[in-house]
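Below: the structure, in structure tokens.
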Amino acid sequence: DQICIGYHANNSKKQIDTIMEKNVTVTHAQDILEKKHNGKLCSLKGVKPLILKDCSVAGLVLGNPMCDDFLNAPEWSYIVEKNNPINGLCYPGDFNDYEELKHLVSSTNLFEKIRIIPRNSWTNHDASSGVSSACPHLGRSSFFRNVVWLIKKNNVYPTIKRTYNNTNVEDLLILWGIHHPNDAAEQAKLYQNLNAYVSVTSTLNQRSIPKIATRPKVNGQSGRMEFFWTILRPNDTISFESTGNFIAPEYAYKIVKKGDSAIMRSELEYGNCDTKCQTPLVAINSSMPFHNVHPLTIGECPKYVKSDKLVLATGMRNVPQKKKRGLFGAIAGFIEGGWQGMVDGWYGYHHINGQGSGYAADKKSTQKAIDGITNKVNSIIDKMNTQFEAVGREFNNLERRIENLNKNLEDGFIDVWTYNAELLVLMENERTLDLHDSNVKNLYDKVRLQLRDNAKEWGNGCFEFYHKCDNECMESVRNGTYNYPKYSEESKLKRKEIDGIKWESMGTYQILSIYSTVASSLALAIMVAGLSFWMCSNGSLQCRICI
């Protein structure tokens, strides 16, 4: 009768890497690197993105006439801006601290537009003629919706003095501007005053003077406009004073809801889908801790790494035995590979006795290993799968060195994460395979310590009993209740019987060996004597006897 200790094997082709080996085939493995995506821009946790189409953030906040679709934008999860939107500053010019403004917008989920200085309140100035063919709407000249371009009235431009107090509980985003004419004639035509200025006082003090200069035409305009913005806190006051060239605020934005928004560069349209993680190119819905789809993300995202493969071993080495061995399908132990016939556990036994043969998994050690490995995998995923965002940052032309430094830092972080992820997987895979080897060895030692000299170790993971071991006996070995004294006498007799056969065989071999040696020597002596007699008789050999 025989019992073997072994482990599960299957038809799996999954391969993992360890510190010491590459492409190790295992019975079970779990991929922790997400490579799949849906190729769409999606809502983020049920909230749609604000896709600006051909508009820029500047066109959105100033109210470019071509961006009327976004005049009252609902709450958004993130903003999508094309790489080169055509509807931004329709009247050529510049937006002061534009990158900071985009950063502010990217951390906001909802604006509410309110009127702070009504257009019809400018009774001493022309508030309707300030339009341009550069900002058309329905084929007619128009202007930005949220500001008013004030012109002289009746050849007079009285000094403007306006104050606004923020009585709201929210912060206010306020925008204004200054016009830089092409020449003095245009300055006089529009504002009458040649030495004009625009002064703004709030938490900052700013005084701007028109820069009159000849410039090339852009969008049909030789003049330029410069726009500014500020955040007005609750109960704070902003004051405007101007003698010309003033582009006054009509509307401001209450920052109703701040949050984890972002501005993404993408040419995609809305894909009518929902996701937890969005990149500029695709959406990712995954519970894996790592991904290699795109480095820029928003939402609850896996961490981006440059790896192509991150697979955690959860099972053991998959080395199925080539074929059954011996009579009645005898099978070897774990030294010679795993068992595909054992399907209800990772480790277990195969026995052969007078009642038949069969497999039995050791469910206790299997469950303990499963629990340990499952907890380890879940722990890795939980620790790595925290909310992680990596959004692009905006820099102006004077900040290219900072932008390059920032890019190098981000690339360095990605390299570190990639190295850490790959090293983590290699180390954990090594530990997992060692754990399985240790569990099989522990099972083997458990049997060996019970059987002691009641069975013979074959050295391949199997034991041959010196006594009869029925199914009840086999079960006692498996569950650790084997009664060694009960079978020791029978085993002792069996060992003596085997030893006696050995000694008897050894004695027979010695007698045969002696007989063979004597017979060979006698035959050789007779042959030598006969040869000598023949040679003496024909004179070939002379024999002398001396006394």
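Heads up, the Cβ atoms here are built off N, Cα and C, so glycines get one too.
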ASN165, ASN538 - residue that Swiss-Prot labels as N-linked glycosylation site: ASN165
CYS90 - recorded disulfide partner, Swiss-Prot, among CYS4, CYS42, CYS135: CYS135
Tertiary neighbours of ASN235 (N-linked glycosylation site) (same chain, Cβ under 8 Å, six or more apart): ASN165, ASN166, THR167
Rounded Cα-Cα span from ASN10 (N-linked glycosylation site) to CYS469 (disulfide bond), Å: 29
Length of the line joining the Cα atoms of CYS135 (disulfide bond) and CYS301 (disulfide bond), in Å: 40
Distance [Cα-Cα, Å, rounded] between CYS42 (disulfide bond) and CYS277 (disulfide bond): 9
Fewest-neighbour residue among disulfide-bonded residues, criterion Cβ within 10 Å, set CYS42, CYS67, CYS277, CYS473: CYS473
Number of other Cβ atoms within 10 Å of the Cβ of CYS55 (disulfide bond) across all protein chains: 22
CYS55 (disulfide bond) to CYS277 (disulfide bond) - Cα separation in whole Å: 24
